[in-house]
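K.L.:
Input: one structure, supplied below.
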Amino acid sequence: MISYYFQGFALGVAMILPLGPQNAFVMNQGIRRQYHLMIALLCALSDLVLISAGIFGGSALLMQSPWLLALVTWGGVAFLLWYGFGALKTAMSSNLELASAEVMKQGRWKIIATMLAVTWLNPHVYLDTFVVLGSLGGQLAMEPKRWFALGTISASFLWFFGLALLAAWLAPRLRTAKAQRIINILVGVVMWLIAFQLAREGVAHMHALFN
């Protein structure tokens with residue numbers, strides 16, 4: 001059964017490595033050393049719920065509900081555009097230190113709300129957990145399925161805590177005005193690229209619904 005664990009772990013690592021809203025948010029919180037371990041835990045727990053739902057039957061709900069998928073997609077597009085705009089606005093600020101200080105004033109609950117939005121309004125999360133993992137893990141018998149899910153969930157916990165701790169460790173180098181500007185530009189551009197990609201997929205999906 002251990003082979004199914006490592007299959008799930010490898011697939012989980014492959015899906016979580018690319019820079020996305022979750023990774024960018026965890027990295028930024030780590031650099032700020034602001035609730036970064038709490039955010040890593042909440043991201044990993046969210047993945048635990050989504051991965052379990054996808055592998056143990058939730059994929060059927062999403063695949064049978066095209067309007068739900070469309071709603072999630074366009075909600076994600078709107079959020080990613082807003083999130084990317086915020087990052088670019090901070091990067092282009094004439095007083096980057098003041099802009100960064102304003103971000104640091106955010107309370108715990110606002111940070112948690114942003115993390116939940118970054119996770120649960122990202123359609124790629126549902127495609128990864130419900131469609132990819134659901135189609136692969138859903139075909140397994142119950143015992144191998146549990147090991148497969150455990151491997152994928154382990155990858156998520158290891159990655160988010162590792163990213164948060166590494167970013168916090170590198171914080172002295174990454175907190176400089178130049179580094180912060182580069183990071184915010186990179187995050188903003190990536191968020192907008194993902195949003196435009198999702199918008200294209202959303203248009204194609206809506207076209208299929210009405211034809």
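Using the three backbone atoms N, Cα and C, a Cβ is placed for every residue, glycine included.
Pulled the feature table from Swiss-Prot, pasting it below:
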| type | residues | note |
| --- | --- | --- |
| TRANSMEM | 1-21 | transmembrane segment |
| TRANSMEM | 37-57 | transmembrane segment |
| TRANSMEM | 68-88 | transmembrane segment |
| TRANSMEM | 111-131 | transmembrane segment |
| TRANSMEM | 147-167 | transmembrane segment |
| TRANSMEM | 179-199 | transmembrane segment |
K.L.:
Would the transmembrane segment (37-57) count as touching the transmembrane segment (147-167), if touching means at least three Cβ pairs under 8 Å and pairs must be 6 or more apart in sequence?
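P.N.:
With 3 or more qualifying Cβ pairs, these stretches touch.
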K.L.:
So, taking each listed stretch (68-88, 111-131, 147-167) in turn and counting its Cβ pairs to the transmembrane segment (179-199) that are under 8 angstroms, which one gives the highest count?
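P.N.:
That would be 68-88.
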K.L.:
Out of 68-88, 111-131, 147-167, which stretch touches the transmembrane segment (1-21) the most, going by CB pairs under 8 Å?
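P.N.:
Top-ranked stretch among 68-88, 111-131, 147-167: 147-167.
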K.L.:
Is the number of Cβ-Cβ pairs under 8 Å between the transmembrane segment (111-131) and the transmembrane segment (147-167) three or more, considering only pairs separated by 6 or more positions?
P.N.:
no
